[in-house]
Every structure is written in structure tokens, then in C-alpha cells.
């Protein structure tokens with residue numbers, strides 16, 4: 001039997017047999033001769049057994065090194081653990097009869113290093129000289145060294161055992177066998193200790209991981225769980241986050257002690273969640289579901305859940321494990337976003353009333369409301385801008401159907417609370433009737449609509465028949481959409497205000513001349529289509545100029561207001577009343593005959609007759625009335641107005657002040673026919689003339705350009721007013737030919753001036769373009785042909801505001817083509833039409849020309865002054881310059897300059913002049 005293969009117990013028995021056997025005497029003699037003679041073999045192995053028999057004891061290594069020192073008769077014994085860093089850490093050191101403190105040392109340059117490469121290593125003498133760098137050898141005073149490697153069961157090196165003597169060492173086979181037994185036991189103990197250390201460390205790591213996992217799960221904003229795969233989702237384990245998520249403690253959910261988790265899922269989601277989870281399990285993949293979960297407080301929250309099934313080796317489902325988190329905010333945010341996009345997509349192409357109608361219809365549908373409206377606020381009768389007395393619905397929807405506009409008092413209404421608080425909600429209140437309906441509502445949500453200055457201008461509200469459980473979604477949607485709604489409401493209000501300024505007489509509140517002419521065209525078309533009559537009455541207050549001159553404009557204005565009020569009492573049941581000029585009124589009456597008008601005329605005269613008491617004076621009033629009828633007198637709208645004007649002219653000369661149009665007055669119409677023929681000939685034969693009116697910079701007084709004005713001198717009639725022949729040309733289809741002549745003649749004159757020493761006209765020459773010319777899609781190309789030889793930079797084209805708006809989209813296209821070709825573009829007579837501000841931004845115009853009607857009276861008329869100031873401000877905002885027409889006085893020029901107007905033209909600067917005179921006066925250095 002090979003000795004090195006024996007275990008400690010086997011070897012111990014083996015040696016006991018040696019002692020007891022027949023050969024015991026000779027063997028013992030060998031041992032005694034080598035080792036201490038006083039110890040017999042049995043005592044040696046008993047001591048060795050005691051040294052290695054304390055496995056698991058903290059003193060195992062200390063006892064072992066002490067026993068080995070005694071048994072082997074050496075001075076020093078040590079056991080060391082060898083680390084991967086080529087270092088040794090002693091587990092026990094016995095030296096000269098004492099147990100020393102453990103040390104750590106580097107193996108390099110020591111005899112212990114040689115042990116690592118072999119099983120045993122012996123240096124029987126002079127070991128210090130062989131390893132001079134080993135400080136430990138020097139400190140111990142060792143002269144000889146014997147070391148053995150310690151191995152684990154798998155053969156890997158784990159440590160070393162070394163005995164040292166202060167004298168030369170001679171050990172026999174028995175001593176080596178004892179060392180081998182001790183080394184085997186020391187290695188086994190070291191492996192056991194390392195295994196225990198590793199186990200303890202693993203357990204500590206596991207406990208730390210479990211602690212961290214438990215901390216993580218309990219601090220995550222959600223709930224980790226393990227549950228059974230049953231219909232109740234019976235919880236086996238839930239994290240502390242369950243209480244925040246559901247309102248129930250973990251112990252109340254585990255085992256369905258208080259309530260099952262499935263019972264908390266919204267009834268509408270229960271089947272969907274169950275089937276989605278089972279489908280994922282069947283496909284052996286994780287499941288992800290979103291559903292609503294009822295909190296302990298009764299409210300529902302949105303949950304996102306991810307989990308998977310735990311499958312055992314037999315393929316059976318042990319349980320489900322997963323995580324649930326609250327995604328209510330994300331779901332609500334997405335829901336709000338979807339709702340806003342849905343509403344916005346339906347109103348993108350809408351403007352004005354269509355915008356509000358579509359907005360409220362879609363809003364009510366998206367918010368699942370029963371009704372809703374957008375209302376415009378009105379200030380209180382006292383005129384306090386911060387106090388709102390009433391509101392008028394701009395658009396209202398009830399049960400999906402549009403309702404008529406309705407004006408209601410704010411006081412005591414939900415809208416009043418919304419105005420005061422900016423945003424208000426009623427989840428469940430006393431039944432309240434929606435304004436203008438019989439719909440009882442118990443819940444509502446409202447948002448105030450503010451203008452750019454933060455001032456309230458309206459409200460947007462939705463109503464519910466049933467109580468509201470939550471308002472977060474609806475409030476968010478209203479908050480987002482309120483900005484756009486407020487902007488559109490402000491734009492609409494501003495447009496109406498501008499429209500009122502431009503179409504309403506500021507003194508009487510009646511429609512002005514511009515609006516009246518639109519009404520005339522509209523009612524004329526309706527009369528033609530309906531084949532019924534149309535009458536026009538023109539009224540003039542007699543001796544009004546005398547009152548104005550003697551008593552001043554204030555008294556004159558009061559008189560006008562009184563007359564307007566009196567006329568309106570009669571006219572409101574007949575037709576449309578307007579103030580055309582200073583003391584002239586007009587009344588349009590549809591579906592009448594000349595016989596019907598007789599009674600109306602008499603009523604109008606009588607209502608004006610009563611004496612008027614103003615400032616302690618009594619004024620006796622009377623009116624002159626001229627009237628005409630369609631189809632009895634005329635066949636065209638323009639002729640109806642002319643016929644009534646002729647009749648009024650005759651009425652002023654009559655004592656009874658009343659004059660219907662008659663055939664004897666047709667000479668005026670005959671003149672129009674003659675004028676048409678003569679004008680056509682004048683255009684063809686080039687008998688027209690161009691006059692030029694200077695345009696001046698209001699700041700520097702320098703000439704900045706001129707406007708080309710057409711003049712006509714007839715051989716028989718003399719000078720014919722442009723106000724007479726130009727409208728006639730438009731009416732009779734001559735305006736295109738007239739416009740072409742003006743363009744050609746303007747180009748010829750510009751070229752002629754350019755040849756003069758002065759070098760031509762500074763700036764641009766403004767040329768008027770008619771609506772009929774502007775309707776030509778090839779206008780830009782046509783102008784270039786007519787003005788060949790003249791740079792486009794020398795020409796500015798003018799078109800009236802109303803002509804722009806006949807076809808705004810085409811106007812945008814043509815104006816951009818003109819701008820691209822290099823022509824400047826001005827909007828003429830601005831303020832008399834009704835331009836959309838959105839289109840004005842799109843028109844490629846360079847300048848706005850302020851109409852003469854506003855400039856003429858802006859010093860005396862506050863309303864006209866406000867319009868002029870608004871036009872200048874608007875032009876600046878649109879980066880356009882302003883040119884004022886008809887400036888006749890220094891005061892007008894100074895006021896315009898102070899307002900920021902850029903340029904002006906009018907008699908104050910210079911009358912229109914023929915080309916030669918204009919050149920002499922304005923183009924000569």
C-alpha cells in the first residue's frame with residue numbers, strides 16, 4: 001500500500017498496528033532514533049491526532065502548529081493561505097514555544113515560493129543564504145526549511161505548511177509521513193473554511209440582494225406581485241406600493257382577504273384583460289395590458305401592467321409574476337391630445353361663424369357633453385368696461401343640434417362665475433336650465449376667453465345632465481382650445497368693429513353711403529330674381545345748412561340724430577334707412593308700387609314736422625323727398641339711384657318738396673347714353689389726356705412720385721368730370737380699353753421725362769387698375785406689353801380695396817405675380833371696403849391709400865380720425881407704407897404726419913397738372 005494515499009484515520013490505525021504488531025519493536029526503534037526518544041510512537045500519533053482532530057474549531061491551526069513543533073522537534077511551524085496575488089497570509093505561526101500573530105508576506109524570493117511548484121520542498125541547511133531577501137527567515141533565525149503544499153479535493157493549490165529549524169534538519173520517512181498527514185488535514189480544513197466563507201458571503205450577498213430588491217419594489221411607483229392564474233387573480237405576494245396604487249394594504253389583497261384584485265378592474269375591462277393575459281400565456285410570452293382600476297376612494301385610475309407566467313419543469317403554470325404602474329397622467333395627456341387634434345382638424349378650414357359652430361359641435365361630442373356654447377360678453381349699460389351685463393351665444397349646440405343665438409343676463413348664471421374665476425367647474429349642483437333652452441343641467445365646466453391684453457371677451461362652456469365624477473380631461477381640453485377660440489373671437493369682434501366704423505354713420509348710427517350702395521345692389525338683385533318692385537326714396541333736410549352755419553355743428557348733429565330717430569320709427573317696417581351725406585338720407589323699400597309709396601312719403605313728412613327743441617331754441621323741420629321705382633322708371637340699379645337723385649333735385653325746387661321721377665327727367669339718362677358713345681370715341685381716337693398729381697413725403701416734403709389721372713375734354717360739353725365718365729365706363733364695359741390707354745400713355749410720358757435733362761420722375765408713377773382689368777389672370781404680362789421700354793420699378797399699380805375682395809384668392813395670386821415682376825402695388829380707397837385681415841397679410845401690397853372721405857373730415861369727426869389712425873397702425877404692423885388722399889389743408893397734413901402717415905397727395909401739395917406743367921413745376925431742378 002502506498003503511504004501517501006492513506007487518510008489520517010487509516011494512517012493512524014496503520015501506525016497503531018505497527019506498535020502492536022510483531023515488528024513494532026524494530027519500527028519503533030527507527031522512530032525513536034530519529035525523533036525524541038522520550039515519546040513512543042503511540043504518544044506521537046496521539047498528539048498528532050489531537051492536533052488535527054479539532055476540525056471546525058477556531059483553534060484548529062494553532063493546535064496543529066503547536067503539536068507539529070513538539071512531535072517533529074522543530075523551532076518554527078506555520079500554515080498559510082496562498083492568494084492569487086502570489087502572496088501568503090499565515091493562519092497560524094508557532095515559534096520557539098509561542099504562538100505569534102499572523103502576517104502576510106510576498107512569496108517571491110522565499111523558500112515558500114518553491115513549494116508552490118512541487119508537493120514538498122526541503123532546504124536542510126543554510127536556508128538564509130539561499131534566500132537572502134526573506135526577512136521572515138532572518139527574523140526567525142531559521143537555518144533549515146521543509147514545506148509542503150496544501151491542495152483541495154480537485155487538486156488546486158490552496159496553501160502551504162512549513163516547518164523550520166534553527167539548525168540543520170534531518171527528517172526521516174516517518175516525519176515526512178506525519179507532515180503529509182498534517183498537510184492533508186490542514187488543506188481539508190482550509191478548503192472547508194473557504195467553503196464556509198464563500199457560503200457566508202453568498203448568503204450575505206443573497207440577503208443584501210433580497211434587501212435591495214425588497215427596498216426597490218417597495219419604493220417603486222407601482223406594485224410588484226405574484227398571483228395565481230385564476231379569474232380572481234388571487235394575490236400571493238404584493239409589494240408595499242399596492243396601498244398607494246389601490247388604497248388597500250398588501251395583507252388585505254393577499255389571498256383575497258378583503259377583496260380580490262380582479263374585482264377592482266373596471267367592468268368594461270375585465271374580460272379584455274383576462275383574454276389578453278391568457279393569450280400571452282398560451283404563446284409563452286410576456287403580457288402587457290392597460291386598463292382602469294378602481295381605487296379604494298371610488299375613483300378609477302389607468303394602469304399599465306407587464307408580467308409573465310412562471311412555468312415548472314412539467315410545463316404547468318405555477319403562478320404569474322409582474323409589475324403594475326399608474327399611467328393615468330400619460331393616458332389623460334394622450335386623451336387630451338387626441339381630443340384637441342380631433343377638434344382642431346375639424347375647424348382648421350373654418351372662419352367666422354363656421355369656425356365657432358364646428359368648434360362647439362366637435363367639442364361637445366369629444367367631451368361627451370349634452371350641450372355647449374361659446375358666448376360673446378357685453379359690457380354693462382353703465383359702460384364700465386370691467387363690468388359685464390350680458391352675453392350672446394355665438395354658437396350653441398344642444399343634443400347635437402345647432403340653436404339660434406340667444407342673449408342672456410350674466411348675473412347669477414354659471415357664465416358669471418366663469419368670468420370672475422377664469423375657470424370654473426360644477427360637478428353636481430341643483431338642476432339649472434341652459435340659457436335659451438329647457439335643458440336641465442346638473443354639471444358644467446367653463447373657461448373664460450381673453451383677448452391679447454388679458455381682458456375677458458367671452459366664455460366657452462359645456463353642460464351635462466348627470467353629475468361629473470372628474471373634470472380633469474374636459475378642463476385640459478377647454479384650456480388648450482380656449483386660446484384659439486379667444487383669438488378668433490377677438491378677430492371677429494375687431495372685424496365687426498372695423499366694419500361698423502366703415503359702414504356706419506357715426507352721428508346717427510345708420511348705415512352710411514358705402515353700406516347703402518351695397519344694400520342697393522343686393523336688393524336690386526333680389527328684386528330682379530323675385531320679379532317684384534323696388535323703390536328708392538332720397539330725403540334732404542331743408543335749410544339744414546342754415547342751422548349748421550348759425551348754431552354750430554353740435555346743434556346740427558343733434559338735429560340729425562333727432563331726424564334719423566323720427567324717420568326710423570316709420571321706415572323700420574318698410575325697408576332700409578341710411579344717411580348718405582350731411583343732410584341727405586335714403587330709404588330702400590322692396591316689393592312696392594308707386595301707389596304704395598304715396599302713403600309712405602306722407603308719413604315721413606309728418607313724422608319730421610313736429611317742432612324740435614334744442615338748447616332753448618325751437619326748430620321747425622321739413623324734408624324734400626325724391627323717389628323712383630323699378631321697373632316703372634329704370635332698368636338698372638345705377639339708374640335707379642340717378643333717377644331718385646334727379647327727382648330729389650326737382651323736389652328741392654318745389655314748394656311741396658315732394659317729387660316722383662317722371663319721364664320728363666329722362667334727359668339725364670339720354671346724356672349718359674350720349675356720354676357712353678362719345679367716351680368710346682375719345683378712347684379710340686386718343687382724345688383723352690393724362691394729368692399728374694404729386695405725391696409728397698410728409699416728413700421731408702420731397703416729391704416721392706405721382707398719380708396718373710385721366711381727364712376728358714369734349715368739344716361740345718367741355719371738361720367732363722372723372723366722377724361721371726369713369727363709373728360710366730365701368731358700367732358700360734369701356735373700362736378695360738380706358739385702362740389700356742392710361743397704361744400706354746403713362747409709359748410714353750415716363751420715357752419722355754427720362755429723356756429730359758432732369759432725368760425723369762423720382763419714385764414711381766401710380767396707375768389705377770380697374771376691377772375688370774384685375775380679373776384678367778394674365779394682367780401682369782399684359783401690363784408689361786403695354787409699358788414696354790419702361791422698367792417695372794418705375795410703376796406702382798393701384799386697386800381699390802373692394803376690388804381686391806371680389807376674389808381674394810385670385811387677388812393673392814395676381815399680386816404676387818406683380819410683385820415678382822417688380823411692380824409696386826397699392827390698395828386704393830382703403831377703409832371703404834371690408835378686407836379680411838388674414839388676406840391683407842397675404843396680398844403682396846406695398847402701400848395702403850387712405851380714402852379721401854376719411855381724410856376730409858378727420859379734423860372734425862372723431863370716428864373718421866379713429867379710422868385713419870387704425871389704418872396707419874395696421875399698415876405699420878403689415879410693414880406697408882400709407883398714402884393719404886385729398887389732403888387740402890396744413891392741419892390735415894400735420895395731423896397725418898403726427899399719426900405716422902408716410903406720404904400724401906391733394907390740393908395742399910398740388911393740383912393735378914398736364915405733363916408739361918407738371919414737369920416745369922416739379923421736375924425742374
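Here the Cβ of each residue, glycine as well, is placed from N, Cα and C on the backbone.
Taken straight from TrEMBL:
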type: COILED; residues: 192-219; note: coiled coil
type: DOMAIN; residues: 209-284; note: domain 'PAS'
type: DOMAIN; residues: 287-339; note: domain 'PAC'
type: DOMAIN; residues: 532-663; note: domain 'GGDEF'
type: DOMAIN; residues: 672-925; note: domain 'EAL'
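When Cβ distances are compared across the two stretches, the domain 'GGDEF' (532-663) makes no contact with the domain 'PAC' (287-339), since fewer than 3 pairs at least 6 residues apart fall below 8 angstroms. According to DSSP, the domain 'PAS' (209-284) comprises 41 helix, 12 strand, 23 coil. In the predicted model, the coiled coil (192-219) shows an average pLDDT of 74. Per DSSP, the secondary structure of the domain 'GGDEF' (532-663) breaks down as 60 helix, 39 strand, 33 coil.
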